[in-house]
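> What follows is a single structure, and I will ask about it in a moment.
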Amino acid sequence: MATAATDKLPNLKSAVAGLNQISENEKNGFINLVSRYLSGEAQHVEWSQIQTPTDKVVVPYDTLAPTPDDPSEIKNLLDKLVVLKLNGGLGTTMGCTGPKSVIEVRDGLTFLDLIVIQIENLNSKYGSKVPLLLMNSFNTHDDTQKIVEKYANSNVEIHTFNQSQYPRLVADDFLPFPCKGQTGKDGWYPPGHGDVFPSLSNSGKLDALLSQGKEYVFVANSDNLGAIVDLKILHHLIQNKNEYCMEVTPKTLADVKGGTLISYEGRVQLLEIAQVPDQHVNEFKSIEKFKIFNTNNLWVNLNAIKRLVQDNSLKMEIIPNPKEVEGVKVLQLETAAGAAIRFFDNAIGINVPRSRFLPVKATSDLLLVQSDLYTLQDGFVIRNQARANPENPSIELGPEFKKVSSFLSRFKSIPSIVELDSLKVAGDVSFGANVTLKGKVTITAKPGAKLEIPNGAVTENKDINGPEDL
């Protein structure tokens, strides 16, 4: 690999130097990333050295000190905080155009509406001025700029900045795709959310926030409805001077591929499935040995970010992401924000309740959050106490439900699912109003046939293959 590096880098450097669409910071960041990749620098984990973190390293949420009672103390805490949402993703996988954060989640409100309402309520209640930062990608920037205008009268200051824009590499000759005639957006990519730290600095936002006395940033995915400001966590981090905190939560069988925290060579570290030797993959997936996974809710000290970015110390594991664009094989090199944990001093995990991880990645998740399993209060999506099972029902919807518009057209109203264990739907199925689903339900429309669940139907532990089974 090293000999290949000496051949490829000079040509790449001169090609990148001529890309006028991006800044010098972006050019340097990109060349650094590619150099690290070509040098074969990979972080191999010595399996026998992995240790399970103690409660000092991954702190149980219920052992955190209570939040101060005095509202002025809470205001002091909040005055040190910034909320940052990762807003670079498009809604394409759910059949929507534009940023994913503008998909309507519930009661006509989008992800972004809910985020703004939550921070508005916090600021109103305590007289604080917690700002909201949105890290966009070049894919979402223009749309987001227009969308945030509707919050102009809000008590939340909203700032947007762009993450880096890097050129895709043509796999054959390792030259930038834009130099090979791909002049449109397809020639570029945003290099993963690990880029949040240099981008925050390059945009000038980091210095501006530090000058306002801000100390911590709470980073989360914009589609995680559970990622709300938690005063107990903020209080703990300030008291204990932790530079970095990753929220983790107990794994279920649905989360076996999620990264986990380990103690390794005296530091806390994120272990991702891609780093696991083949012979240990099943062990990594086991809920018994690796019990927690990364929610990507991260709390990070702003001064520490400044120090590490300036020192060029954030050398997170590189995730190679090969793609094919218009018949050309290209490579994207990306990094993840959670992998930065090992570079920060006094870094910890906090083992939080599952309620802080409620991502909406597909319409099956949308069904959960739009149903009676949840209610909406002050912008917070709150789970219905009437459900006895701590886990959510597992929901599998066929491709007919993949797009949000198709999904909505197939429900006259969202069924009641408080007592549902699992639902599997295949084929051309639609639901009437006020349907109740309980236990284990499978609904399969025969090929070429429509199947409608009638208004008011109560279906419990049933396998429905046609109208005769209703």
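Numbering starts at 1 and runs along the chain as displayed.
Cβ atoms are placed via backbone N, Cα and C, with glycine included.
So TrEMBL has the following annotated:
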BINDING   Lys100, Gln163, Gly192, Asp223, Lys361  UTP binding site
BINDING   His193  substrate binding site
> By CA-CA distance, flag whichever of Gln163, Asp223, Lys361 among the binding-site residues is nearest to His193 (substrate binding site).
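Going through Gln163, Asp223, Lys361 one by one, the Cα closest to that of His193 (substrate binding site) is Gln163.
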> Across the record's UTP-binding residues Lys100, Gln163, Gly192, Asp223, Lys361, the largest CA-CA distance in angstrom?
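Comparing all Cα pairs, the maximum is 21 Å.
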> When a 10 Å sphere is centred on the Cβ of Lys100 (UTP binding site), how many other Cβ atoms does it contain?
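Lys100 (UTP binding site): 23 neighbouring Cβ atoms within 10 Å.
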> So for Gly192 (UTP binding site), how many other CB atoms are inside 10 Å of its CB?
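The answer is 23.
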> I'd like to know which of these binding-site residues, His193, Lys361, is least surrounded, judged by other CB atoms within 10 A.
Lys361
> Do any residues at least six apart in sequence from Gln163 (UTP binding site), in the same chain, have a Cβ closer than 8 Å to its Cβ, and if so which, in order?
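Non-local contacts for Gln163 (UTP binding site): Gly88, Met135, Asn136, Ser137, Pro190, Pro191, His193, Asp195, Val196, Ser199.
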